[in-house]
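Trainee: Attaching a single structure in structure tokens format; questions to follow.
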Ligand code: HEM
Ligand SMILES: [Cu+2]
């Protein structure tokens, strides 16, 4: 984990300056930077686990019939892939890692408002993850319900659903704790002169996200409790045989889980809003609209859960209303895209790895968003519902969107904390491999879905075979790019070229302090005198 | 590390309020189910609601409101009067919580004795709306009872720290937040009581 030697006097950076030593200096640290790195390594570890599972699913689907596993294993695999990716990687990912690493510095604070709660939420996250992992190897075996745990099936299957659900519940608590911590921090700990109008856009996006975490996660909590009650006590609240209504389960689940996609995507958009102006060397276009659209997405996005249930038997009025609201959310999302593109216009663009990943983000997220509209319109959704189209769509959004923003953030910010950087050329090759592989992998799924291949199916008709093979080959190209990215990043951070305070020439506060940052970030309380994208005020190295 | 010792009582209170929102939404899910199923099974809900023990419900309402008053007085007392009064008031609050849970225990044993509990053969034989009502009742009240237990424990810890002097007139954010939590527990009950015992 640690850089092999230090760029600055050893005692001054957060790598050294701590009372404890060894592993204890990490897992008991209340320093937001150490907690941020803990989160980073844990969520990224789970991402890699999820990727391996995804590749296995793809290998099974490479050819019709049985390829490498049986149907029960397949069901467990896509369930665990979904649970790991959603609850252990992408939901906690940004807030936990880059939120913790960057946000306090960007607002000029020494730490978050509740440092011990911050550490506790990492512990909760790890405890929840451990419970989920335990559920795979004990009881009736890994859950096979899909990550949505739909009742009544999840109430009846003999697999280890209760324990997995309990693990997700614990992870939810961790998410709530982070949300509470971040809202309080952003309200209370901004440095002098850091007005709301000077808040970096990444912080704005984390702020909106934290509200979603606070207001939506408890609904997931109660929904999970109800699954466990259903299994252990036989409450029958969603069992039509005993007067319950499975549709009510879907409502409760999506009241959380649709807003949860904004927990995944909003911070990613924040990352992009930081990177684009820096690499276009221009103040971001429409600062206020980008900040406002984060809040608008969070607010409007809380009202659209019903679009997951168009085909489940809702009233026509409900379908109409949810369809309309879904289209409303597209407006603030599009505002952001237009603002990024306008920022690029006539900028002096430098195409380094963080920028390339950000451009891919815009491209892939736009495809994800447009395919989302196809599902938001009830009429077309009936055609594509529960097909591979849906799988293609959400991978474009959460992997092409949030995932690529995560890679952008890794290249952009990690050098700040290690004092060394990756090599540029391999980073660009990795980016190219991943972007190409990604589109081969998931665009095939979109087409397969339009042709009628259902999702979560172990086997398929022979006419779907060619595109499935193409898709699987795409997954290998993507994976090879990912391996290259990792090797390059690890080598760079251990022994790459040293970086100074402000290698990118950015104007936000984190680039004004030493690299790697000292334990308390700022030698003296900073006083903010210019906006986050005001490059005249920034010292360019 | 020095930054851990900086105190921000306003920040602590803001954090607590945010957390209390999450608790409201947790119960909100159950109240939502109540609303939907009431609309669907109003006859069965009304019949089942009349079977509830109004006496236990009323007694527990009075007990919880009293306890909330005591908790609020403890917050005032720590700013104005001595440590001893605070301890008495907190002791009273925790005691009320314990009596509440004891009452709940009596009420539940009686109901379970009559074969009324989730998944029981008696409910399985009855109309579906009745079983939905009781399942919701047990879940909501059970979750609330758990909160009484957590709140009571929290206030007992706070009392111990008041006794040791780590919570005092100059720094009582913990006491204030503990009391806020207790008010939430009270508030949730004030919704449960009419919905399950009175209006049906
Ligand atoms: C190399 C990377 C990946 C590959 C090859 C991959 C592949 C797949 C495949 C083949 C499915 C199953 C579709 C079906 O059975 O119909 C799937 C489902 C899913 N994937 Fe991925 N995926 C990858 C990365 C991701 C990422 C980064 C995320 C989220 C952050 C993600 C989230 C999901 C979810 C939520 C499901 C749904 C699971 C379910 O149906 O229960 N995947 N993926
Ligand atoms: Cu949705």
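Heads up, the Cβ atoms here are built off N, Cα and C, so glycines get one too.
So TrEMBL lists the following for this protein:
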type: DOMAIN; residues: A:26-529; note: domain 'Cytochrome oxidase subunit I profile'
type: TRANSMEM; residues: A:37-57; note: transmembrane segment
type: TRANSMEM; residues: A:77-102; note: transmembrane segment
type: TRANSMEM; residues: A:122-141; note: transmembrane segment
type: TRANSMEM; residues: A:161-183; note: transmembrane segment
type: TRANSMEM; residues: A:204-229; note: transmembrane segment
type: TRANSMEM; residues: A:249-272; note: transmembrane segment
type: TRANSMEM; residues: A:284-305; note: transmembrane segment
type: TRANSMEM; residues: A:317-341; note: transmembrane segment
type: TRANSMEM; residues: A:353-374; note: transmembrane segment
type: TRANSMEM; residues: A:394-414; note: transmembrane segment
type: TRANSMEM; residues: A:426-449; note: transmembrane segment
type: TRANSMEM; residues: A:469-490; note: transmembrane segment
Trainee: As a test: from A:37-57, A:204-229, A:249-272, A:353-374, pick the stretch that has the greatest number of Cβ pairs under 8 Å with the transmembrane segment (A:469-490).
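Mentor: It is A:37-57 that shares the most Cβ pairs under 8 Å with the transmembrane segment (A:469-490).
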Trainee: Counting only residues 6 or more past its boundaries, what in the same chain has a CB within less than 8 Å of a CB in the transmembrane segment (A:249-272)?
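Mentor: Long-range Cβ neighbours of the transmembrane segment (A:249-272): 86, 90-91, 93-95, 98-99, 148-151, 175, 201-206, 208-209, 212-213, 215-217, 219-220, 222-223, 226, 238, 294, 297-298, 301-302, 304-309, 312, 336, 340, 358, 361-362, 365, 397-398, 401-402, 405-406, 408-409, 412.
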Trainee: Output the single range from A:37-57, A:161-183, A:284-305, A:426-449 maximising the number of Cβ pairs under 8 Å to the transmembrane segment (A:353-374).
Mentor: A:426-449
Trainee: Looking at the domain 'Cytochrome oxidase subunit I profile' (A:26-529) alone, can you tell me the average pLDDT?
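Mentor: Overall, the domain 'Cytochrome oxidase subunit I profile' (A:26-529) comes to a mean pLDDT of 93.
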